[in-house]
Every structure is written in C-alpha cells, then in structure tokens.
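Record features, source Swiss-Prot:
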CROSSLNK  LYS160  ubiquitin cross-link
MOD_RES   SER44  phosphoserine
MOD_RES   LYS209  N6-(pyridoxal phosphate)lysine
Amino acid sequence: MPSHFDTVQLHAGQENPGDNAHRSRAVPIYATTSYVFENSKHGSQLFGLEVPGYVYSRFQNPTSNVLEERIAALEGGAAALAVSSGQAAQTLAIQGLAHTGDNIVSTSYLYGGTYNQFKISFKRFGIEARFVEGDNPEEFEKVFDERTKAVYLETIGNPKYNVPDFEKIVAIAHKHGIPVVVDNTFGAGGYFCQPIKYGADIVTHSATKWIGGHGTTIGGIIVDSGKFPWKDYPEKFPQFSQPAEGYHGTIYNEAYGNLAYIVHVRTELLRDLGPLMNPFASFLLLQGVETLSLRAERHGENALKLAKWLEQSPYVSWVSYPGLASHSHHENAKKYLSNGFGGVLSFGVKDLPNADKETDPFKLSGAQVVDNLKLASNLANVGDAKTLVIAPYFTTHKQLNDKEKLASGVTKDLIRVSVGIEFIDDIIADFQQSFETVFAGQKP
C-alpha cells in the first residue's frame, strides 16, 4: 500500500475496489439498516464477534468503514470509529475511558462547545473536568490523581492557536498511566499534524471541518493509536481487563489486544448511546477526503499570506497565527506542524473613534468589520473551502462567563477567520474594503 498522504487519502480502505458486488470504483453507499445472515449459526457468530461481518448499521456500515480505515491510515492509527458529530466523538472518546467519580485534565484553551461539554455535561455524568490554564506540562501533573483517566488537548487551540508541547505532556501523562486524547480537527485529518507520531493515544476530529471541507456534512471520528498499554493498568481501566457486563463477559484486553479501547467504544458505547454516522454522510465526507491535501495546502498558504498582510494593516492592533514569528507558540508550531501552520487565524481591530461601544457592544469596530465583509461569510464553522469569519465573544464562546472567556483566549475585539481557498488577493481585498467602510476616512 502506498504511504504518501496524497495517495492514502484516495485509496485507503478500498485497496481492492473490485471486491464489491458490482465492481464499483467509487465507494458504494450502503443505505441499509441490516445485513442478511447466511444462516442462524452465522448470525450467532456475528453477534458473538466470532467472525468479521455486519449485523446492523448502528454498529457498523461498509461505507462508513472505508472512511474509518482511510482516516486511521492518514493519522497513523490502528483503527477508527465514525460517529455523528465532533461532539459525539469527544463524548464517546472520554466515556470509553472515564466513568462516574473519575476525572480528566484538560487545557483551558478550548473551543467553547468543548469547554461547555466538559464543564457542564460531563459533570452530569459524574466525570469531573479539571482545567489547566494554558498548556504548561508541569501544570497538568499538579492536578493528577489516581482517578485521572485522560489528558485532553487540541492540536491547534481554538481560538488561541497555541500548539502544545506534545512530547513533554505525553511523557508526564504516560508516567502516571494516563492516556492522551487530542482533538486534531485543526490538524486537517493529519495533513498539518499527526499527534500519534508524537505519542498521543487517541485522536478525535470534527470531520465536519477540513475532512469534509465543503460545509455540507456533520460528522466525527475517533482514531485509536493502538499503542496505549491497557493491560498494564487493569485496575485503572477495568472496562478492558474485566468481563464486560454489556457484552456477554468479553474481556477486551484478551480478545482484542491493542484494539481493546476502540472495540469497546464501538460495541458498547456506540451501540447503547447511538450516535452513528449514516452512510450518506460517510460518502460525502469521503468526497472531501479525496482532495484533503490539495485544499489544506491552499488553506495554509492563504492563511499565512493573510496573517502577514493583517500585521501590516493600520487598522489592526494584533494578529494571532502560529505561522507568524510573533506568535507565542511559533517554535512549537515549527516542531509539531508540517505542511503549513493551519487554516485559521484571529486578529483584533483598533477602536473606532467616538463609538458608543459601552451602550451597544456591536458598535465595536471588530463586529462592524465582520458585518461589512462581502466575500467572507459570518457563520459558526471552520474548514470550509470558502472563507468564514465570526466574533467568538458574542457567539461560539457566548455561554462562558467573562473569566472563562479570557482563560480561553477570547476577547471582545477578536475576529476569527477560517481562511478559504479563494484567490488570496480577493480575500485581502474583502478585508480592506470592510476596514475602509467601517472607518470611513477616520484614523484608527
């Protein structure tokens, strides 16, 4: 099997296309709920996980399996599981590790939806999220205890764009027998970063973003590195070392070895909680994967050019992008990111003279710049082929209090830009006309 990313994104999971019933070169859409057993014995064997095959599409589907194998290959993982959304991927990834009374340790530099999920929803499940402000490896270790079941990071923090020191954090976590879970959404399916290469144990994605790439489909992925030694920690992770109450006494460590985790998540959590990815979504995401490297390359190139242009603009007070030497995590970005520095940046606009921003916060120059863009779309997504903008303080992080917003790196003047693959001069021209419209001849 070819190993280059550009080839893997086209062929992994479908190395022998002639194997399907009608020799279709495109991945077929298996729009079926269920699969016919050869006989009763065969059905029994499938339900007992004694032979490979398909039972019911809430557990497994041939179209989705191609997507799973392809993303696992691109990430350098052993296996993957496709689910209904990025939030579902995070939920199952953590619930496969932590139970009532357990805790996870996470950076505070998070997407607002993740922060809220960890802080509120996981608490209802009896799982405590302990937030470390920033990504200093030593700060994580300070809050570990015997019930810590995972460390959680984002490859490129949203919206601060910090790049954690993976190797140091992984070393500290593994010293305590704790697996590391990394949301690699901003790593674009492994194009900008492969966290498993640096020791991460489990990778999650909102496949909605760069993997799909066209703003058409919601989906999530969990990738298992297959490298964490679950057998070495039977008391810490009894769900793998003891007979499974929910699957006729199966001991996952014995039955599935290095794949114990991902099989457990599929056969029990996906089965019981139900956030499956439907085959139509898998098919659409596969269309995106086939051009992933081509799009991601352009996203990265355009983002760097726009960031450098914004740095020189008289209307801009600051720019945050890990590809800039001025960024606090630039050295980590150079170490851990490849093929570019990602497709998203943030910046702040200088104050508008005489704006009544205390009475009406939407009079802030940043909000007005967003409202006056014509090419870029003001919406809550990233990773689309088209340029997208948003003011996170008023939207994606709105549910956080002011202290939590600051801890996440969100300020009132922040504009987040998911840079598209349009011609860069057109993107720049759109921001320039918006600046000129908002300031209308006034000096910033």
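Using the three backbone atoms N, Cα and C, a Cβ is placed for every residue, glycine included.
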*State the count of C-beta atoms found within 10 angstroms of the C-beta of the residue listed as 'N6-(pyridoxal phosphate)lysine', not counting that atom itself.*
23
*asked:* For a quick check of understanding: among the recorded positions SER44, LYS160, which residue's Cβ has the most other Cβ atoms within 10 Å?
replied: LYS160
*Once the DSSP letters are reduced so that anything not helix or strand counts as coil, what is SER44 (phosphoserine)?*
helix
*State the three-class DSSP label for LYS160 (ubiquitin cross-link), counting H, G and I as helix, E and B as strand, and everything else as coil.*
coil
*Could you state the CA-to-CA distance between SER44 (phosphoserine) and LYS209 (N6-(pyridoxal phosphate)lysine) to the nearest Å?*
39
_Cα-Cα, whole number of Å: the residue listed as 'N6-(pyridoxal phosphate)lysine' versus LYS160 (ubiquitin cross-link)?_
18
